[in-house]
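For reference, the structure discussed in these notes is given below.
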Amino acid sequence: MSRSLSFSELTSYFLQLEETRSRNEMTDILVDLFKETPNSEVDIVCYLVLGQINAEYEEEVLGLGNKMVAKAISIASSKSKQEVQELFRETGDLGTVAEKISGETKTLNSFFGEQKELTVTEVHQGLKDISRFEGSGSYDKKLRTLAGLITRADKVGARYIVRISLGKLRLGIGAMTLLDTLAKTYTGDKKNRPEVERAYNISSDVGLVGKKLAYKGHKGLEDIEVEVGRPIRMMLAQRLENLDEVKDKLEDRFAAEVKYDGERMQIHKKNDEVKIYSRRMEDITHQYPDVVKAINQSIGSKEVIVEGEAVAYKDGELQDFQTLMQRKRKYDIQKYVEKIPVKIFLFDMLYKEDSLLDKPFPERRKKLEQTISENEIVKCSDIIKTTELREVEKFFNKSVDEGQEGIMIKSCSKDSIYRAGAREWLWIKWKKDYETRMSDTVDLTVVGGFAGRGRRSGLYGALLCAAYNKQKDIFETVCKLGTGFSDETLEELPEKLKPFESEKKPARVSSKIEPDQWFKPEFVVEVLGAELTKSPVHTAGIDTIGNEGIAIRFPRFIGFRADKKSEDSTTTKEIMVMYEKN
Ligand code: AMP
């Protein structure tokens, strides 16, 4: 039998990763880890370091409740449920509790008999089983399996099994750091990261990429192709400050579409099986049975991937994003299908019996129009193919008058491929908040909180917000956000941010400011600012303009962006471009 990595070897690397704040060191530690990992377990290790048990898009997610995990810890130790709860209240982290008390007396040891050392494959299999048990008796099965794993692990292992099962591992490693590591370990050079990243962008499965690389090196990447049923990481848009610049970027080869104010959907259809993925790669099919039905009625082809924006629709009018968000639910789905009907405006076709990613946009659009027959729900996005900027501006005004966000301007050149996972100039967004000097809202990641005073005492008074530096895979601060919050929002904040609290500055955060509370960079908010200025206290773009960063002045909170991941935040590079144009 081939060698297996023991779980305690894996967690010894977890301990090292928790100790470092430098991303380079993290990559070095991870390279050492992968050198120790047998090829057959590379995918599992990829998932586990990210705190997952599968590719992000797969439905199997853990996120067990505190109560069940506390009970499992109690079974695996000599402590009663009450004692475990008491320790949980003291420490605030069940992982620490499990570490502390597991191994004191292992009541299940006699049940399991003498065991060999726990391997990563066994832990992964156990966690997968837990996520899959369903129906009657499933609660007990989950409980027993988890207690069994905790019992067999050593103390440090118990800590991490508990954190993973709660969905709270949070070692601070992003997918991009992992891709760097894989490139370095298996192709010998971090420079190959773009090809590795492309394989990840079209498969959304870092485990698959890792395993192919481990077995076949660089060549393994050729095996990874677009597959219906496996989401493609979505293409994103750049922003402009001034409409005239469209011509500099795209010359005369572009078309403009309405930028709808809704939720992006990537829809995969294989025969009559339809799956819908959100921008975060979550499978949201069950929330939209109406869209599933309408897509089946609209598209006859066997294997298709299309993209579009779903928008709430009521009394003959399109509604805003917040209205649509009421459809984000587990229960009462049918009631909300009727209460908040939607339309889906399709704007791209990525696959039709074969991948279309490398075809230019006009060809993809034509295929889309030929393939779908419109119905009550499924529509093609509104598009104009003029290169007259005056016409584009009129189209923009009409779109805004109709309550939409603005327009998307898309390259129609022969190079206008679908660039999975990339934010480049092939798509340009032009939004309506152009009356302020900062013409667009930005999406920022919350990395810290400041205690409120007076009316806000006991709550957060302001949040420390950061932009994403994609090159370094870190979050750099740009503003302290203290206005625009309703009383209701302020009250919700502590609860919403609690899962991300961190005792020290997280590894991927770059900040000169010390907030009262650090947060792991996971929670995204939308912010509108008045202007950008140089600042000695913020770190965004700090390497580019000497030892000062860029700050957003007079930032206002606009809303939560639960649909975005922190890596989808506005990038430092975009902030720099906005600054230079100011
Ligand atoms: P932003 O979230 O501001 O970066 O803008 C990009 C988002 O606009 C995409 O992810 C889509 O969800 C949305 N969108 C709305 N209408 C369109 C369209 N016609 N083409 C592409 N994206 C669109």
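Note that Cβ sites are derived from N, Cα and C of the backbone, with glycine treated the same way.
Bear in mind that TrEMBL entries carry predicted annotations, made automatically and left uncurated.
Small disclaimer: the values here were computed from a predicted structure and weren't measured.
Annotation note: Lys259 (active site, N6-AMP-lysine intermediate) sits in a strand segment as assigned by DSSP. Annotation source TrEMBL lists active site, N6-AMP-lysine intermediate at Lys259.
As annotated by TrEMBL, ATP binding site applies to Glu257, Arg264, Arg279, Glu309, Phe347, Arg423, Lys429. Long-range Cβ proximity for Glu257 (ATP binding site), meaning a same-chain Cβ under 8 A and a gap of 6 or more residues, is found for Phe347, Ser381, Asp382, Ile383, Ile384, Ile407, Met408, Ile409, Lys410.
Per TrEMBL, the feature domain 'ATP-dependent DNA ligase family profile' maps to 335-469. Applying DSSP to the domain 'ATP-dependent DNA ligase family profile' (335-469) sorts its residues as follows: 32 helix, 53 strand, 50 coil.
In this structure the C-alpha atoms belonging to Lys259 (active site, N6-AMP-lysine intermediate) and Lys429 (ATP binding site) are separated by 8 Å. Close to ligand 1, meaning a Cβ under 6 Å from one of its atoms, are these of the binding-site residues Glu257, Phe347, Arg423: Glu257, Phe347. Non-local contacts of Arg423 (ATP binding site) by the CB criterion (under 8 A, 6+ apart in sequence, same chain) comprise Met235, Leu236, Ala237, Gln238, Thr571, Glu574. Each of the recorded positions Lys259, Arg264, Arg279, Lys429 was assessed for Cβ neighbours inside 10 Å, and the highest tally belongs to Lys259.
Over all protein chains present, the Cβ of Phe347 (ATP binding site) has 25 other Cβ atoms lying within 10 Å. If you take the C-beta of Glu309 (ATP binding site) and look for same-chain residues 6 or more apart in sequence within under 8 angstroms, you find Tyr260, Gly262, Glu263, Arg264, Met265, Ile344, Phe345, Phe347, Ser381.
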